[in-house]
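Structure, as structure tokens:
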Amino acid sequence: MLLLFLVAVLASAAQRGAVDALIVDGLQVGFYGQTCPEAEGAIRDIVNNEIAMDRGIAPGLIRLFFHDCFITGCDASILLDESPAGDVPEKESSANGFTLVGLNTIDTAKSTLEAMCPSTVSCADILAFAARDAAVAAGLPSYDVAAGRRDGVRSNMDDLPGNFPVPGHHVPRLTELFNQRGLSQEDLVLLSGAHSIGSAHCFMFSNRIYGFSEQADVDPSLDPEYAARLRQMCPPRKPDDDPQQAPKVKFDAQTGEKLDNAYYSELLAKRGLLTSDNALIEDPETRAMVETFARDDALWQQKFAQAMQRVSMLDVLIGEGKGQVRKQCRLVNKQEQQQQPQLPWFRQHQRPQFPWSRQRRPRLPFPHHPVADTINGFFRGFH
């Protein structure tokens, strides 16, 4: 009911041409109106400038936002280069690693805001604003982002396996994971529409175009002409191939740089790139949603924005004593490193103690092997 109320009020405010300060579960639209009134405008300008130079920044920022929020909540934990506990951070997981795009954009926004309003705007809020601005730059109507998040002090790559959607999942497992985070099956279908922009490395779907089964070399659920084009763009994988050098293919061959409902039309035409994309038309419930959004771009855009608002509220840290406002998004503030970290939702029932003085875990490099990438994350959008 609270979310529905938020959407109704925001829609009403948009019609009036202005938005008053609104508080939702502790987050507030216009949160920096007094402390850093130019914050949202500065972030928007930086995002627009970066996207003008590299269109891949737009899907990268949306994916970065989703990957941050889905595990420990929207706490900017994905941005940390290191963890005070000595854990290997989220960004070094094979679900992230070299595939993360937009980190430098967030760094630029943070350094700009620190010069304007020191120790005021959190990295978590910057990421939420930047994801919205990236979506708008890609063609989505603007929507409001409530702010007031604080930044977490914990990041652990071990939190991802088993708790995060991956490209090989089918609808039952995807729905289960979304439901665990308070998101619906419709949210799953809506947010999958982010694949209207961005691209995926060939190794993420090579199992569908080479050696699919004993009976068929190519996944029979793929359009034959589309499969033939994919095989032209993606040669058979070799054991010593470097994943970072793998070719990339746009998710949406129609309007690959515009965030619209063409993704759903592509799915119905049997041109979904990943297994998790194609799964949406194989399940009768999600297929009905795909058909609805394929017919009505305005409806999908409105609902996609609302889904992004719901994601932005996942397990946020609010108020003094919760997290911090980092001075650099890649590092925890030194004077606050000793506080008890916020555990992710799936570990809150077993709150282990983290001895800050223990020996630091060795930082493992991202494994340059295609097999490691079978657990890559849900939004595979990058240029």
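Heads up, the Cβ atoms here are built off N, Cα and C, so glycines get one too.
Positions annotated as active site, proton acceptor by TrEMBL: His67.
Residues annotated as Ca(2+) 1 binding site in TrEMBL: Asp68, Gly73, Asp75, Ser77, Glu90.
The number of other Cβ atoms within 10 Å of the Cβ belonging to Pro165 (substrate binding site), over all protein chains shown, comes to 23. The substrate binding site annotation in TrEMBL covers Pro165.
Residues or ranges marked as heme b binding site in TrEMBL: His195.
Counted within 10 Å of its Cβ, the other Cβ atoms near Asp260 (Ca(2+) 2 binding site) come to 21, all protein chains included. According to TrEMBL, the feature Ca(2+) 2 binding site maps to Asp252, Thr255, Asp260.
The disulfide bond feature in TrEMBL is assigned to Cys36-Cys117 (among others).
Applying an 8 A CB threshold to same-chain residues 6+ apart, the list for Cys69 (disulfide bond) reads Val311, Ser312, Leu314, Asp315. Summarising the annotation, TrEMBL assigns disulfide bond to Cys69-Cys74 (among others).
Per TrEMBL, the feature disulfide bond maps to Cys123-Cys329 (among others). Taking the Cβ of Cys329 (disulfide bond) as reference, residues of its chain lying under 8 Å away and at least six apart in sequence are, in sequence order, Ala76, Leu79, Leu80, Ile106, Asp107, Lys110, Cys123, Ile126, Asp151.
According to TrEMBL, the feature disulfide bond maps to Cys202-Cys234 (among others). Take the CB of Cys234 (disulfide bond) and look out to 10 A: across all protein chains shown you find 20 other CB atoms.
Here TrEMBL flags 26-333 as domain 'Plant heme peroxidase family profile'.
Among the features that TrEMBL reports, region 'Disordered' is placed at 234-253.
What TrEMBL lists as signal peptide is 1-21.
Positions annotated as site 'Transition state stabilizer' by TrEMBL: Arg63. For Arg63 (site 'Transition state stabilizer'), the Cβ neighbour count at a 10 Å cut-off comes to 26, with all displayed protein chains included.
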Candidate recorded positions Cys117, Pro165, His195, Cys234, Asp252, pick with smallest Cα gap to Asp68 (Ca(2+) 1 binding site): Pro165
Within the region 'Disordered' (234-253), residues counted as helix, strand or coil by DSSP: 3 helix, 3 strand, 14 coil
Cβ neighbour count (within 10 Å, all chains shown) around His195 (heme b binding site): 29
Environment of Asp252, Thr255, Asp260, the listed Ca(2+) 2 site - residues of the same chain whose CB lies within 8 A of the CB centroid: Ser196, Ile197, Gln254, Gly256, Glu257, Lys258, Leu259, Asn261, Ala262, Tyr263
Cβ neighbour count within 10 Å of Gly73 (Ca(2+) 1 binding site): 23
Site of maximum Cβ density within 10 Å, from binding-site residues Asp68, Asp75, Glu90, Asp252: Asp75
